[in-house]
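Chemist: Encoded as structure tokens, here's the structure I'll be asking about.
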Amino acid sequence: ENLNTSSEEGFILVVFSDWPHLEPILFAFISIFYSLTLFGNTVIIILSQLDLCLHTPMYYFLCHLSFLDLCYTASTVPQLLVNLSGLDRTISFGRCVAQLCIVLSLGGTECVLLVAMAIDRYAAVCRPLHYTTIMHPVLCRALVVFSWVGGLVNSLIQTSLVMAMPLCGHQLNHFFCELPVLLKMACEDTGGTEVNLFVARVIILVCPLLLILGSYAHIARAVLNIRSMAGRRKAFGTCASHLIVVAMFYGSGISTYLQPVHRYSEKEGKFLALFYTIITPMLNPLIYTLRNKDVKGALWKVLGRSTDSA
């Protein structure tokens, strides 16, 4: 087979055509989840801008996390809905490269941004008297810029490594251009490329996770030194939402990207990808608002203003 056929004609996304009876059900549920994701994350961004009580480092980072989730779902879900409706199951090679680069960039940015949020929680719990000095607006902006730049650079490295390989075949057994699936389509031995990609993924996945775990080790020690149960509960409450988000994001990311290509199951991978492209971005706003009095208070204030003005 011609090694350049994929590059010339693009790919057919198999999506969930192996289970045609599931497609209408998935279309309905994914449409609902996508709408909730758009609504929840947009509300977080608007509230973070409107309410002065939320003009703090924690909500500054949360606002960027919500924007990331909006971009991440927008890069994959609309195409999935079109595919499930049967209107178009193809993607050109150029769009595939762009999608891979965007998805990896946004995922990498979130890896680093979650570290910035862990630093913020460390300063709040372990250095409360120096919190405003440590989490200066200049540092917060620098951490966010570093997150975006780090995610983009890592993505460009991984995308260029994958797309330098000749790919065989036209059927992409996924609903978007996912890295492990493209690696399985390579026409030649990918051993050397896999090693380079593994190093890049360790840098963007494992290193930030170790920093997060390190910060929470210090937080746990500080919380255990608090004598009152109410004080411990309050300190833990400020970190619980972030820990849940970290567990969901890194759990799905590591299980997808840090396993050898020959062990990657495309069927399981598709359903796991549904979790981190749709479910996690939808749950993030709920996790932060349901456990957070400040966000709920800001929401009621905004709703109250709109009611009064009406």
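Note that Cβ sites are derived from N, Cα and C of the backbone, with glycine treated the same way.
TrEMBL: automatically predicted annotations, no manual curation.
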Chemist: TrEMBL tags one of 160-179, 240-259 as transmembrane segment - which one?
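Modeler: My reading of TrEMBL: the transmembrane segment range is 240-259.
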Chemist: If you count every Cβ pair below 8 Å, which range out of 25-47, 59-77, 97-117, 198-219, 240-259 shares the most with the transmembrane segment (138-157)?
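Modeler: By Cβ pairs under 8 Å, 97-117 leads among 25-47, 59-77, 97-117, 198-219, 240-259.
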Chemist: Do we see three or more Cβ pairs under 8 Å linking the transmembrane segment (240-259) and the transmembrane segment (25-47), pairs being at least 6 apart in sequence?
Modeler: no
Chemist: Are the transmembrane segment (25-47) and the transmembrane segment (198-219) close enough to be called in contact, which here means at least 3 C-beta pairs under 8 A that are separated by 6 or more residues?
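Modeler: These two segments do not touch.
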Chemist: With a Cβ cut-off under 8 Å, give me the same-chain residues at least six positions beyond the ends of the transmembrane segment (198-219) that come close to it.
Modeler: 107-108, 111-112, 114-115, 118-119, 121-122, 125-126, 150-151, 154, 157-158, 161, 235, 239, 243, 246, 250, 253-254, 257-258
